[in-house]
Amino acid sequence: MGEESLKKRKGEDKGREDRQSIQKITYKHISFDFKVGLISGICMIVGTIIGSGIFVSPKSVLANVEAVGPCLTVWAACGVLATLGALCFAELGTMITKSGGEYPYLMEAFGPIPAFLFSWTSLLVTKPSSFAIICLSFAEYASAPFYPGCDPPQAVIKCLAAAAIVVITIVNSLSVKLGSYLQNFLTAAKMIIVTIIIVSGIVLLAKGKTENFKDSFKDSKISVSSISLAFYNGLWAYDGWNQLNYITEELKNPYRNLPLSIIIGIPLVTICYVLINISYFTVMTSTELLQSQAVAVTFGDRVLYPASWIVPLFVVFSTLGSANGTCFTAGRLVYVAGREGHMLKVLSYISVKYLTPAPAIIFYGAIAIIYIIPGDINTLINYFSFAVWIFYGLTILALIVMRFTRKELKRPIRIPIIIPVIVTLVSIVLVLAPIISAPELAYLYCILFILSGLIVYILFVHLKFNWPQKISQPITMHLQMLLEVVPEEEVTQ
């Protein structure tokens, strides 16, 4: 009986090794055999950035500056800042070719504590709140046609947003290919609605609809605080300008295609955004735009009637595409942090059956649903932007620091030092101005949450207490069996 048990165990071990070998080949084929060229890189930037922001933020930007001229200026300036920031990230991405976005750059320049605080904040605040904002935008536009003349009930909006999060989470947990196909379809749909709005605006301008642009700077509200909050909302619409840094290793000739994709892609988005805002103002006054629950739907009702249903339909596709893209790339940071021992190991596990980062995606979805319950879009955007620009500024400061401390690193792309200096100074203004001129408790809560990561780091990473491991081990084991997931090393090595 002993020999039979031994043979059976050996057979099981051999079968497990074979399965892991198959998983290894499949995963490597998915991750590394596909190379992104220049056109794909540009499409990825444009497709990732253009999402819900341009259909939500125009109202918020205008509310802070209160005039057409400053509003359009802020949109253009946000595009310039996003381009400069992306160029800084291009140098970092080709100098330190590791996945995980800002995480490895902060680790290399400042050590593990700032890197941990970034992963801590990203995992629990910035990425889930971004997912929540996009899905709330989807819900507003999806429900607006069913409540003509009034705002949809908040309960309906939040239930729809939660349903969108659940569906997108399930799709991306079950299939990389399905998530990719869905992203391609939704990206094409969002470009259709962008084109419809821009062309309609150009036609209206040609017909002489320019009255809303007269005295465009009159009665504007200009202060450091108002401009900073306007920038927060504008930059939210540009968020995603650093996405190519997550796939530097998959780019064809990254030293050429990474900066070219940025130089072409982000200015293209900037032109689209300014033209879309101009189109809005051809049919709406500042007051009418601020009173609109869904700006693009109002535009469609006035310009495309009786085909106005096209606008909310394609805006829904656009916001779903942005949400799907956010979810699709959510796991990479967790992998890197998990390997460093900075996050729960189970969040960096991969599904054996579907080869997806299922635990990370499910976790993001669950946290995003929590953010939907109490928050409205504008509050979430301010909260998100404040937190994210702290780390954007710190990451670009890392570029300046490493120019002096890590001179030995190869820099295939070397931008003029004045660019990271400008972006760092702007990020400092964006972070400090709202606190100084219009302090709110939300900013204090955000800072306290970020700093609370220090306690977590000291207890569980630096001192490495054993009792959390004893608690988490049985939980991890049951989650592994439930989700059929294994550590990334077992799949790829």
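Cβ from N, Cα, C; glycine included.
Taken verbatim from TrEMBL:
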TRANSMEM  36-55  transmembrane segment
TRANSMEM  67-93  transmembrane segment
TRANSMEM  155-176  transmembrane segment
TRANSMEM  188-206  transmembrane segment
TRANSMEM  260-283  transmembrane segment
TRANSMEM  309-334  transmembrane segment
TRANSMEM  354-374  transmembrane segment
TRANSMEM  380-401  transmembrane segment
TRANSMEM  413-436  transmembrane segment
TRANSMEM  442-463  transmembrane segment
Exercise. Any chance the transmembrane segment (380-401) and the transmembrane segment (442-463) are in contact, meaning at least three CB pairs closer than 8 A with a sequence separation of 6+?
Worked result: yes
Problem set entry | Long-range Cβ neighbours of the transmembrane segment (413-436) (under 8 Å; 6 or more residues past either end) | 81, 84-85, 87-88, 90-91, 94-95, 224-225, 227-229, 231-232, 235, 255, 258-259, 382, 385-386, 389-390, 392-393, 396-397, 399-400, 403, 443
Exercise. Looking at the stretches 36-55, 67-93, 260-283, 442-463, which one shares the most CB pairs under 8 Å with the transmembrane segment (188-206)?
Worked result: 260-283
